[in-house]
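Undergrad: Found this in Swiss-Prot, in case it helps:
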type     : residues                                                : note
ACT_SITE : 40                                                      : active site, proton acceptor
ACT_SITE : 68                                                      : active site, proton donor
BINDING  : 39-45, 67-69, 336, 362-364, 444-447                     : GTP binding site
BINDING  : 40, 330, 331, 332, 333, 334, 335, 336                   : substrate binding site
BINDING  : 40, 41, 42, 43, 65, 66, 67, 68, 162, 176, 255, 270, 334 : IMP binding site
BINDING  : 40, 67                                                  : Mg(2+) binding site
COMPBIAS : 1-14                                                    : compositional bias 'Polar residues'
REGION   : 1-24                                                    : region 'Disordered'
């Protein structure tokens with residue numbers, strides 16, 4: 001006899017609620033900042049803006065393959081692994097379980113930024129690291145380089161990775177052979193044994209790989225002493241933050257939607273989920289605590305490394321965008337490929353992430369153009385397609401349909417309100433809003449914190 005047929009508990013309430021108390025909902029909401037293109041959109045600047053009155057700033061995925069630049073008081077800080085919001089002295093920075101951590105890289109990054117200015121004073125007391133975060137070892141990075149070399153030799157092309165060990169460490173994680181922060185700080189003898197097993201596995205897979213096992217363990221022991229006070233139960237920490245007194249919690253996404261391991265232009269992607277779902281799995285929090293989701297969009301499009309790029313301008317236009325925008329990767333120093341804004345890919349990113357508003361950055365880079373093109377549709381074999389193709393070969397074949405808008409030929413870098421922008425610049429912003437059906441909340445017209453125009 002089934003409950004649905006005869007149990008009074010199933011029928012006692014009109015809504016089918018069996019009389020049990022509902023789980024407590026509510027709590028603080030997190031504000032999420034995500035890249036909506038192929039990275040390098042200016043997420044760091046938006047985070048810097050929001051972090052000024054934040055209590056906690058989180059990283060939920062990726063490693064030191066990401067690159068964020070923040071300019072404060074004319075000092076340029078570069079972040080790869082640390083949440084860039086840590087530059088606010090009142091912020092607690094949290095690195096979640098979805099992040100992969102190269103300890104030498106973490107301390108090197110912190111020390112370089114400490115030398116630049118006062119932004120990172122006391123950072124070690126303001127950083128919390130999830131005990132469930134996986135560790136990137138030097139041999140992961142070495143293996144990354146060997147894999148790229150093998151791809152080049154075998155297929156004539158590589159993935160264009162940053163060689164920071166991100167793919168190999170996420171592979172170790174999925175294969176359940178990886179090591180986590182909790183292993184390092186809880187039982188170093190047990191950690192050492194597992195480290196040796198993993199290192200020897202890598203040596204058997206890559207015979208040319210040289211690993212100084214004892215030397216690296218000695219180095220890791222030194223890092224363990226420094227890192228131990230920062231390592232906490234991340235799930236408990238965040239739960240307390242979400243359900244305690246009111247707090248402003250900010251999540252800083254790394255990489256971007258089109259680099260997501262599932263939804264990006266696979267295989268030319270990163271190895272983590274950099275869309276909104278990665279926020280919940282990478283921090284250990286339920287989706288009902290996600291509040292605003294801000295997508296960061298460059299006023300044109302760039303991409304580092306190889307992979308399909310429908311609106312790319314491999315010509316004087318692309319060169320002008322590259323030069324004016326100073327489009328070099330923060331992590332690798334590689335030139336970024338440049339092209340027109342692609343609304344097809346942005347609509348796709350919105351379908352996945354549900355952006356509540358956009359930050360449109362680097363609008364000033366378009367100042368010199370008499371006309372500006374925007375990709376509004378893809379055609380394949382002469383027919384418009386309603387979706388963003390999953391297959392790279394198909395994406396490489398699409399013909400982009402453009403809408404041409406008049407430029408403004410005016411320096412807009414001193415504009416501080418929307419009304420101060422030329423009419424054609426205003427129209428460009430409104431066109432993007434109308435096409436995507438997402439409001440633009442900020443417009444970037446320069447590098448500094450002050451050059452972000454807020455619309456609402």
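In case you wondered, yes, glycine gets a Cβ from its N, Cα and C as well.
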Undergrad: With an 8 Å cut-off on Cβ-Cβ distance and a minimum sequence separation of at least 6, pull the same-chain contacts of residue 335 (substrate binding site), or say none.
TA: 322, 327, 328, 329
Undergrad: Let me know how many other Cβ atoms fall within 10 Å of the Cβ of the residue listed as 'active site, proton donor'.
TA: 25
Undergrad: Over the residue list 40, 41, 42, 43, 65, 66, 67, 68, 162, 176, 255, 270, 334, recorded for IMP, what is the maximum interresidue Cα distance in Å?
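TA: So the binding residues stretch over 34 Å, Cα to Cα.
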Undergrad: What's the CA-CA gap between residue 330 (substrate binding site) and residue 445 (GTP binding site) in angstrom, rounded?
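TA: Spelling it out, the Cα of residue 330 (substrate binding site) and the Cα of residue 445 (GTP binding site) are 20 Å apart.
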Undergrad: What are the non-local neighbours of residue 445 (GTP binding site), defined as same-chain residues 6+ apart in sequence with CB under 8 A from its CB?
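TA: The list for residue 445 (GTP binding site) reads 363, 364, 412, 413, 414, 415, 421, 451, 452, 453, given in order along the sequence.
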Undergrad: Out of the recorded positions listed (40, 42, 67, 162, 255), which are within 10 Å of residue 336 (substrate binding site), Cα to Cα?
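TA: Qualifying among 40, 42, 67, 162, 255: 40.
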Undergrad: Would you count the other CB atoms within 10 A of the CB of residue 255 (IMP binding site), including those on all shown protein chains?
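TA: Around residue 255 (IMP binding site), other Cβ atoms within 10 Å: 30.
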Undergrad: Looking at the binding-site residues listed here (65, 162, 255, 332, 334), whose Cα lies nearest to that of residue 39 (GTP binding site)?
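TA: Nearest candidate: 255.
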Undergrad: Within 10 Å of each Cβ, count the other Cβ atoms and name the one among the binding-site residues 69, 162 with the highest count.
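TA: In terms of Cβ crowding, the pick is 162.
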Undergrad: Give me the Cα-Cα distance between residue 69 (GTP binding site) and residue 255 (IMP binding site), rounded to a whole Å.
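TA: Between the Cα atoms of residue 69 (GTP binding site) and residue 255 (IMP binding site), the distance comes to 13 Å.
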Undergrad: Quick one: give me the count of other CB atoms within 10 A of the CB of residue 334 (substrate binding site).
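TA: So the number of other Cβ atoms within 10 Å of residue 334 (substrate binding site) is 13.
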Undergrad: Given the binding-site residues 330, 363, which one has the fewest other C-beta atoms within 10 angstroms of its C-beta?
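TA: Each of the binding-site residues 330, 363 was scored; lowest Cβ tally within 10 Å is 330.
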Undergrad: Using Cα coordinates, what distance in whole Å links residue 333 (substrate binding site) and residue 162 (IMP binding site)?
TA: 10
Undergrad: Among all chains shown, work out which of the binding-site residues 45, 336 has the most CB atoms within 10 A of its CB.
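TA: Within the set of binding-site residues, the most crowded position is 45.
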